[in-house]
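The annotation domain 'TRAP C4-dicarboxylate transport system permease DctM subunit' is assigned in TrEMBL to A:10-436. Annotation comment: TrEMBL describes A:12-39, A:45-66, A:87-109, A:115-133, A:145-169, A:189-212, A:233-254, A:260-279, A:291-313, A:333-362, A:374-392, A:412-433 as transmembrane segment.
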Ligand code: NA
Ligand code: NA
């Protein structure tokens, strides 16, 4: 019975994906077919449609998308990046290192990888080309560090992971074996991503230094200019405050993530309308509109992915997958490697948020049953899928970088390979040393 | 004018709902932090507005042809084949929506408990769930509309993810000159 | 057949205990068995009522306030201070009043209540200071679920509670976004609220009852023998649940005190709390629970004076 339903569910899902049906349709139709096959009444879909989406923490998603779009329109992002650019020093690969820093800064206000690449790339790719960097290299480092946008909080993929994982309690057998697991919350995920983001940024900086040395990219001739840095920091004061408002609010426990995003929206409106005076009605409308279709398309997937997940749970399939995986190996490191390579592979083809929604119900029980902490698992999952932004055939960051630099995606992705490699090494380090992710949340008392 | 409004109906509804719940939540935060007072109905109302926003937004995304598909397998096919394959795949979407439309209509009008009201607002849940049949009907129309435009009118509907890119190009060019 | 039982709470609570006791009895007397799906894996508690009503779910164990929206007369049991002891709760649910509510629920919503889990009073916990009087509440930010009766009760004490999702509550208490919350001892203990709260007040305004419901569509499809066995198993599980509560609550109280929590009783036998809540809240709900007569009938059943 179980194997039949698994082949029907996954089989029709894959066929529909291959003939180009939208992901949400592939999930919904394969679930519908399976319901009919099992003789269950699909009227369940209706309540799932409503309750899967109707949750308060989920409102963080449109709120962060809107906050990000408004910060762009208000000129906050631009000033943040200018500050990072002023930090480009006299050392080898200075300006490209500043690009990585800019992605880190920008990542602290944006929850999206492609948005980070677009905002940073728009200013930094031309700047790098001006200083004699090869176009392909300039695009590759931007596309690669754009993934930092979803690792450093706030992070839309982490919101989605939190939502998907919230309702999933560890199986009793796992609790018996490993003791109680810590609970999942979006705030906690946000804090957990902080150290790993710096680790990945460091790995990118090291690779950048090595490659720049080989390619002979010198630092800026005039060296560091304290005056310039001070000037940009002064001009960017209100922009630099934005990440403090968001992260400070969440970390101090003053706001829930949803509320932090709401506060960020109003902060941006005030700064954009009265201080920078760059926010227009037209751009405000445009931000609302972009938030609408982006949210609509992701959360329609949430609905169908929840139905899909419900089918799996009712037929106890995640438990079966976990069992067969454990009968293959019980070595935690081997299981981590399998998880990471599988996610890298899926991340090459699939949109990130959809991937999280589909895979969490299947993979989190496996993680629980080998004693992996759910927060740690979430961080590794999001970091790994972040690499997917820079790999073809579907690499959102690549598309954007290629659009800015007018270089083919193939050329950029070859240049991006070394960065993907060090990034992967960093992910293995993050996976093998849980404390990197779990230490900071504990310090904050979570 | 009227048709233009109608053609943009989801966008209008969604902008109102989105601004609405963002403002409501802000009022709640300010009131709680500044006056220590919480409105008991705000959370519920904003969540319901959010659900409506999501499903009209999904219909809007369908109108823009924005729902993500896996397309790398079509890489070596000419464009005019792809649109027919995708139209075929969309038949399954329409099938799903029609089924769901029937189910949600049946649930809301026949199967739903008649006493069921929302906890703090006291609104009958029937009215709140009404968004499902309405939005899925609208979405079905949008799928047909998009395919009509692509197949019969021969229009090229740009991927909205792509629009961002063109804007960026324009902006970078402007920055350079 | 292997029935599906949806359970709102996680492992280790009253709901799971009731479910396990029910399954054990069911297996003893029939060829059937059942599986528990904990933590709302089969949907929110309110969703499961609809699903059982339609017949797409067999059983569900859920908090009574999630049954009320579908069959308002059940609300009699959730009026503040209607129940003042576990014995009151047993008398009301298992006596003629309970039978009437079972019939009403069946008529209104197509689900049949076949057993009751008792979780005990929702005691107030907070991180600031001992609470003995209504006045002690004034400087506390109190979290409640978005439940009309609970909100109205706190308002009658001059407090505006903050509705907060259950999933955010622990973090909310920890980071002091909210100072206080109420839940039965078993829940407070299972959720480790003692790590973030220091004081407990033995309020009795709400006694948590968690009915076990069966889909009437599923029930009426069973043979007469199976129906009798299911009802008997529900009855046995109910009896088990009352004893379980007695055993658990005393152990948990002792453990929480060992861990440094201070447990106090409200002053003057809770009179101030009781009079404010009953006077302000009850009249608001007479109509929905079927009239003041129903309330008086319930009061008479537990030997209390009627209200006017
Ligand atoms: Na971010
Ligand atoms: Na990719």
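Glycine too: its Cβ is placed from the backbone N, Cα and C atoms.
Between the transmembrane segment (A:115-133) and the stretches A:87-109, A:233-254, A:260-279, A:374-392, the greatest number of Cβ pairs separated by less than 8 Å involves A:87-109.
Between the transmembrane segment (A:12-39) and the transmembrane segment (A:333-362) there are 3 or more Cβ pairs closer than 8 Å, counting only residues 6 or more apart in sequence, so the two stretches are in contact. Beyond the transmembrane segment (A:333-362), the same-chain residues lying 6 or more positions past its ends with a Cβ under 8 Å from any Cβ of the stretch are 23-24, 27, 113, 150, 156-157, 160-161, 164-165, 168, 298, 301-302, 305-306, 308-309, 312-313, 317-318, 321, 325, 370, 372, 380-382, 384-389, 391-395, 424, 427-428, 431-432. Model confidence over the domain 'TRAP C4-dicarboxylate transport system permease DctM subunit' (A:10-436) is summarised by a mean pLDDT of 87.
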